[in-house]
């Protein structure tokens, strides 16, 4: 966007004319922007020359100064235009204001020397006056040569020495020390911030690694526990399947044979009368052994055509009872069959691995002990 000189045009023009007019004490005028806009306003005017002007330049602003000085060679008034861009101005603002320099030069026309400055060393009064002297040197020599024939005896050569302003010098040195200290402090601050940022970064990285390590260890622990649990279930299932598939005659402990041997060794009761031809030998032996129990409980009738049948309900006189955990199919007529959750009553623990009892179907026989759980 272009610079706006019309909003405060009257004040801008009046200050400019005061500097041009040798009859006024005002010998410098300073211009700047209103905030971040492109509107130019009058910042300050004064009559203290370059020494006073440079004290008003701000490191955080873009400013334009127009100053009247006296040519050290000819003593004639000369005009200096200073385009000031402080070191603290943002780069985007610098780029925008750079396009306004030519417009300001056209407005503050008549300058013999133009200076583009960014730091205090660019606007030292001695340096500016040297540039003014060099700019007017050719014209000055021309005028001197043209008037040399009319001059009388030459007097002492005048000196261009200017008395040092003590207060101005103190201020200048103080500002130099101030800015040097400020730059040093700023550099130390940046170094400290960078160090703190690195420390914080290292801390976060260390915490992240520790957290990831803990999570990995926890996952490994859970994995081992789960694997152990799965292996236990698998072994248990394999054992159950093995028990189901191996015939009773091939099991490592065959309590059924032991049971049959015990039955054969018992003496036959003489009170039992001869049975009809329908009774098998195994049924006769079984009835001889359990005659007393069956008579007391009245579980089955003395009919040779049917197998003994027992009540399946869990009554007070049902003896030891158990609930089936798995299904089991009898290998022969000396064993009983049952399904999961069936209740087996009148259990006798004849062996660590094999018991016998009455199944829900009413049949009495042996079954594997690890297929059931006892009921309280």
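Every residue gets a Cβ built from N, Cα and C, even glycine.
The feature domain 'ADF-H' is assigned by Swiss-Prot to 2-133. The coiled coil annotation in Swiss-Prot covers 175-231 and rests on sequence analysis. For 202-242, the entry in Swiss-Prot reads compositional bias 'Basic and acidic residues'. The region 'Disordered' annotation in Swiss-Prot covers 202-288. Annotated compositional bias 'Polar residues' per Swiss-Prot: 268-283, in sequence order. Positions annotated as domain 'SH3' by Swiss-Prot: 317-376.
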Same-chain residue ranges lying at least 6 outside the compositional bias 'Basic and acidic residues' (202-242) that approach it to Cβ under 8 Å:
326
To what whole number does the mean pLDDT across the coiled coil (175-231) round?
90
Would you list the DSSP helix, strand and coil counts for the residues of the domain 'SH3' (317-376)?
3 helix, 25 strand, 32 coil
